[in-house]
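As written in TrEMBL, here are the features:
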type	residues	note
ACT_SITE	28	active site, proton donor
TRANSMEM	87-106	transmembrane segment
ACT_SITE	279	active site, proton acceptor
């Protein structure tokens, strides 16, 4: 990151407007609880994921002192470094972004589970992850740990899940701190991404969120600590699935609730005064999906004196420029402009049509490849 800053310093804050630093698989702050090739369809197969804490070195290697507990990494979280660049504009004032992605590994320096268990006086909690979490695809109600009255809601479950989520936060804290230090004074925005894991949101234990490192259950807000961390370092919070609707998802998975998940995350971001960045998760071009994006965007920005919301339209392809899809997209841009988010001039075949809003660094809509 330092080399990038030094090389492109003349463009920072002007052409290069945002740095999105990945913090784990797919750039998201999470554990690799589910194989990346399966994650795209995990919401359909209702995969629970698996806790990432069974490595012998991670469990047994100890460096213990009076003030802190440390270990070597038991899992390396692949980290992306994405750079948003205002590359060029067409005849309408709507900037495209080019994202450069640099892959590197940023190890998690975490507390030893064994040492933490000993510190609490519970030696029987030293043996790795929870028993009864079962396999990837089992029904959570058939597991001892994730079922409604399961071990997740016991003193042991609270101990383990608290430790597991803190390790992820420590990883995120280190990356945020390094990024803030490196890009301080460059006038670029920085952001991090949280995964939209919603396919068990309707359960009490939220198992797929727990295995990813989000200690979010029916009686605990697991996203508040993440938002507070981003707020401390001036990071924007990015999340996908803004176009997903409960009515559609529940037809295939009754336990899923992308809208419930997003509302929780958006409220947390609002309360912590953290700027929000939305994304679509699929190349969906129908009016219903666009309307859902507008709806969720307004849920965050309505009532705020200075809302700071941006939307990254990703996974665009040649189908976007087919007449019917382009008309739907321009209608979407116009509706987003009604909330004074951005300004765009779109050629609809009858000359340039101005959308009465403004382009701003912290309130914009972008197209990204």
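Heads up, the Cβ atoms here are built off N, Cα and C, so glycines get one too.
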Which residues, sitting 6 or more apart from residue 28 (active site, proton donor) on the same chain, put a CB under 8 Å from its CB?
22, 193, 194, 195
Far apart in sequence but close in space: which same-chain residues, 6 or more away, have a Cβ under 8 Å from the residue listed as 'active site, proton acceptor'?
238, 239, 240, 241, 242, 311, 312, 313, 314
